[in-house]
């Protein structure tokens, strides 16, 4: 695919400015942009910067559905879309939203994939061919007759993508399509997008916070802030040369580019190095150094989890699950004699492939599900007879979809709602609500309607509502969906402080980097069973077992494993900070070097002889 061969823009945006109803702040401000046919564009930026608003202009959802004040023009192949209707653009611009449930209409997977083509009046045989093709492309073959409500979040997301692909649009917009997918599922979807772009020349616009997964496969990167496009260029150039600006926006560079930059890659005319090249640079750097390293030489991990407060002897575990059995409504087995023990004050990451049973297991702790047999104890007390309302005083649960637990007319009212139901005095309610809003950086939006917030901001609002209730056990079910890295880390840093005060945290996530950085213990589920359970470093040192569960260790852990296979004496590493600290202690000269000078360190061994770098 060579987008440069097609010089005429497929899409042109001219001076687009837009305000949502009842909002004085512009969601988009004087945006000018051209896209060529066949481009694969990554659209990045902090939560609430206008990314989703911008792409919704392409099929007239903004302002046709959203209302508000709109000025400027959107042209598709030179045609002004000002007077076009949303439905008339469905064949030209497909859109996959952050929340797949907003665009799933049918009972089964196959019926939903057929929904669009049926509305086009296509012959039955053509519809069947399209559905069969899409089922294979999005990895849902075998699930065609499954009811939508029985699917995991990731399976629903792939169904939504498939429904768009069945329409065969020229432009496909994907608003965080991998947010609910495990690493294996993310890889499958991104490979699919890569194939569509390369083989069909489908123009792709991808909004994504998972930069590690996508930066190498896109042609172009756009960065937005406060309703404007502020950066536009090749991904690796922006990620390396504008790192300081990106960090200020809460956009952290991919682990790969951060490590490569630290090792001296990305000079003026360099390109993205391969993983093997990165590994070779590390090998030669470490072989050239014979400095003896002591544990005390390593800098303290920035991500180090505070040790839980010591527990008195004979204190029961905070959570004890014994012989838990549960079946779904369709009769399929979720768990069979599952056992799990969680100590008070632990920070536990619950990982696993889509459909492994993570959310179903966590839902038992708040009373959303009732086991067929077995029992669950909180602080030594059997909760089988407890209502969800009673459990909510002890257990705070954040859903994957924040809209499932937001229903008032203002941000402040939302945080106060649970407190009012507990009958607290008004003064205490206000104090707790203000504190929770400040913690989640939402004080400035206290009078705004929740649905005028971005998805990431609504996610933080749901968390604020939970934190105001001060539960002892926090269950965070994919809390990072729709948020930029800066907000994610600020949020999890605050959760970690609560954990340090003794609160137990269960983090359900597909983000291996965050699990490695924040959790002290990792539990991996596979097909309704506990597959791996242990300290984070130990679990992430088992790549084969993780791969069998559809997971992949974070990059520093993989590098450390491969270096040990090459005979390098290196400890288990989990984060980029771990790797940098180790390298600085092992190779003190790195601390004083600029990134582009580091390659000179490995050019000579002890005898002064040159060694081959690549």
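Any Cβ shown, glycine's included, is placed from N, Cα and C.
Quick look at what Swiss-Prot annotates:
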- 11-251: domain 'ABC transporter 1' (DOMAIN)
- 45, 46, 47, 48, 49, 50, 51, 52: ATP 1 binding site (BINDING)
- 319-552: domain 'ABC transporter 2' (DOMAIN)
- 352, 353, 354, 355, 356, 357, 358, 359: ATP 2 binding site (BINDING)
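Summarised as a single figure, the pLDDT of the domain 'ABC transporter 2' (319-552) averages 92. Across the structure, residue 46 (ATP 1 binding site) and residue 359 (ATP 2 binding site) are spaced 27 Å apart at their Cα atoms. Listed binding-site residues near residue 52 (ATP 1 binding site): none (candidates 355, 356, 358; Cα-Cα distance within 10 Å).
Within the same chain, the residues at least 6 positions away from residue 352 (ATP 2 binding site) whose Cβ sits under 8 Å from its Cβ are 182, 358, 524, 525, 526, 531, 549, 550, 551, listed in sequence order. Take the mean position of the Cβ atoms of 45, 46, 47, 48, 49, 50, 51, 52, the recorded ATP 1 site; other residues of that chain with a Cβ within 8 Å of it are 224, 225, 454, 456, 484.
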